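A.B. asks: Heads up, here are the entries from TrEMBL:
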- 133-188: domain 'Nitrite/Sulfite reductase ferredoxin-like' (DOMAIN)
- 228-404: domain 'Nitrite/sulphite reductase 4Fe-4S' (DOMAIN)
- 424-476: domain 'Nitrite/Sulfite reductase ferredoxin-like' (DOMAIN)
- 501-639: domain 'Nitrite/sulphite reductase 4Fe-4S' (DOMAIN)
Amino acid sequence: MSAAAASSIGAANTALVKDPKLQLKTFNGLRTNTCYSSTYSILLDKRITPFSSSVSPAVVRAVSTPVKKEASVETKRSKVEIFKEQSNYIRYPLNEELLTDAPNINEAATQLIKFHGSYQQYDRDERGARSYSFMLRTKNPCGKVSNQLYLAMDDLADQFGIGTLRLTTRQTFQLHGVIKKDLKTVMSTIIRNMGSTLGACGDLNRNVLAPPAPLVRKDYLFAQETADNIAALLTPQSGFYYDMWVDGEQFMTAEPPEVVKARNDNSHGTNFPDSAEPIYGTQFLPRKFKVAVTVPTDNSVDLFTNDIGVVVVSDDNGEPQGFNIYVGGGMGRTHRMETTFPRLAEPLGYVPKEDILYAVKAIVVTQRENGRRDDRRYSRMKYLIDSWGIDKFRTVVEQYYGKNFEPSRELPEWEFKSHLGWNEQGDGRLFCGLHVDNGRVKGITKKTLREIIEKYNLNVRITANQNIVLCDIRPSWKRPITVALAQGGLLPPTYVDPLNITAMACPALPLCPLAITEAERGIPDLLKRVRGVFEKVGLPYNESIVVRVTGCPNGCARPYMAELGLVGDGPNSYQIWLGGTPAQTSLARAFMNKVKIQDLEKVFEPLFYSWRLKRKSKESFGDFTNRMGFTKLEEIVGKWEGVPKSSSRYYLKLFTDKETYEAVDALARIENKSAHQLAIEVIRNFAASQQNGKSQ
């Protein structure tokens, strides 16, 4: 190990553990000849147990204090850990690779550029030599996007991208198709327009989620302020990002004093003293780390899928008092490896509001010190908690926090809130949430949004469901904006198929290197097929389920929380997951494997037909599948012989007679649509034309 690397470790204070049976493991990330215990290979309940559960007496060693290597042991670390160690805080060899004439960068640089907010990709639809490009992802705590930044991103998409912007499931932009020679221009433009891509990818804290609604309410404002502060607390400090893209010029805004104080505090051995990265050190975290903040009832952020979930707790007068904290959520898994799995976050405890930054920091440091660094498939914090159990995890976190967690406060039931449509902000202005299919802003939609946002000087927010919210709208602007949106095909949510409102898909093919099959490009047709099956089995148009599709098992669109999740497991093939709920509070389970895309109706029809016939009052599809159990559902699918003829409906609300239905149905089939879909489109177009006529 180099002297520079050694100096970054420093020495920290030794802290006594209140539980004498527990000893924290020392951080060994920079050393090259100690190894993880052989207990990593032990299986427990079909899950890997990657952390030793043995206990030792006496003290907790300071978290950044190196220990003597054991002569008989050799370190086993992933290749990425070595890249980080040798990078001089995420600089080398990326800084050199960006200067070469090659269209791509080498393996080490490919890993490091993730910390800067970019992935190297190539078009997998093309044959022959690879056509390399880069995807850039912004970092927008709470999904907040200023007017200036939105317009800059819109311009960059046209000038240097593929002409589209993508709204992500973590409230950020993705800009695809940037070639290597344009990276610095694009990155510096984002920075100079008060944006950032720092930490949008890589082994550190990612974008911090919060409800996107710009409501002037104490709890919502406090949740968003807290999300901003957590994002600032966990932002890298060593300057590598600005060195790389703006030649060291700093564009960071002033931080709240409480953030600076919490970051610098080392009273419980959390920091690397005298290090350029006091929280992260040279090795950063074992894997990505995700945080979400919300208020009671509002689960627009998929709270339980995050490493840390934070919920504002207020008193009877609506004054925020503190936070419930949940830990250990995560979606990623690997096919055919039962030792990898999605997991929901579970309660850790309650902290008063002034302690939230210290509690979050303590959790992050616990993962930093104990998260697995030899096999990245098991490096997320969910595996640490699954191995240790929540009680041991809580005890360790409390040593870094310096206090005991209080019992979690009781909360009301959760619900998914889309924040779509026109709503009052509470300050005399309005906001308008707009549905964007799969978050892909393109064509007339892109042009329309640009014109409205530019004309009215609007700020926007991105939702965790890949939609967009226009903020701070004067009431007098509502009518002209509504007309302009309708002309651009951006209709009120009441005119959008309910299936589309809650559906999500990851980008997958052609640019994602991990994709096994289609997701974004395939979901429009898939949702039409689901709606067609609904009609066939007699389910009404206002009925809906949560459908999510990913091209691989990594779970970017959170399919393991869906009522119907489709996870790519082969070319034109999906694994089917069932059992999530509309409020996003239950984990789905794998129901069937290797279902070819052309055979999906053979599974959908018996499931949806049984749901219509056997559901309890207002029972969601996810709750129904959980109540029935997979054994019974498998039996139903296996014996399916088709929908009985008597179950067909003609939707009398739209079709007053059978002849009209059949005529519309014949026209719809020409366009590969259902009769109901075609009728709704006609009604939508008529409504839009009427609005346009009134405005002229």
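Heads up, the Cβ atoms here are built off N, Cα and C, so glycines get one too.
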A.B. asks: So, taking each listed stretch (228-404, 424-476, 501-639) in turn and counting its Cβ pairs to the domain 'Nitrite/Sulfite reductase ferredoxin-like' (133-188) that are under 8 angstroms, which one gives the highest count?
C.D. replies: 424-476
A.B. asks: Over the domain 'Nitrite/Sulfite reductase ferredoxin-like' (424-476), what is the model's average pLDDT?
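C.D. replies: For the domain 'Nitrite/Sulfite reductase ferredoxin-like' (424-476), the model's average pLDDT rounds to 98.
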A.B. asks: What are the helix, strand and coil residue counts for the domain 'Nitrite/Sulfite reductase ferredoxin-like' (133-188) according to DSSP?
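C.D. replies: Once the DSSP states are binned, the domain 'Nitrite/Sulfite reductase ferredoxin-like' (133-188) shows 26 helix, 16 strand, 14 coil.
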